Amino acid sequence: MPSLTVEPLNTQHFIMDQDDRKRNKNIGKNFMCRLQCMFSHSSSSESRLSLEDTQQWSQSLERLLESKYGMATFRNFLKSEYSDENIEFWLTCEDYKKIKSSFRMSSRAKKIYEQFIKAESPKEINIDYHTREQIKRNVKTPTIHCFDDAQKIVYGLMERDSYPRFLRSDIYRTLLENLAAEATKG
């Protein structure tokens, strides 16, 4: 029987840690490139992803969502966790509030209800029964405010759950590390 050479356990962990760091570094660089390509059509200095802006994302969820790069990064993170229904709902509500036509508002409200609010809907959000029933009634005669309560609940869920996980994520940490490394080079 051939003999097996077994490396000490701590050496294996060290090699795995090195490999993970290299992989994460590449993931971060690739992600940075994708982000910058997504927004490269704009030539203003604001269009460049910076370390300072990226660090400011950790100040609040609101700060993160105000940044086009922050929003894109957060959405990608949530998609990677298969939990993007909350941000999708929140963004859909923001767009819904801009509708001026009552016909379009009525049509869009029904679509939002079917997609996010209705029990067993494709992207059902986590809201209480009372709020769900209130929205069901509101959608019959929709206003720009008919989803406000659900939107507040979803924002709170993201702020307490998804956002802290994002700040601890490899995506965010690696992005910060890569931007810091770029800043020290140039």
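Cβ coordinates come from backbone N, Cα and C, glycine included.
These come from TrEMBL:
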- 60-176: domain 'RGS' (DOMAIN)
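On the 0 to 100 pLDDT scale, the model's mean across the domain 'RGS' (60-176) is 96. Using DSSP to sort the residues of the domain 'RGS' (60-176) gives these counts of helix, strand and coil: 85 helix, 0 strand, 32 coil.
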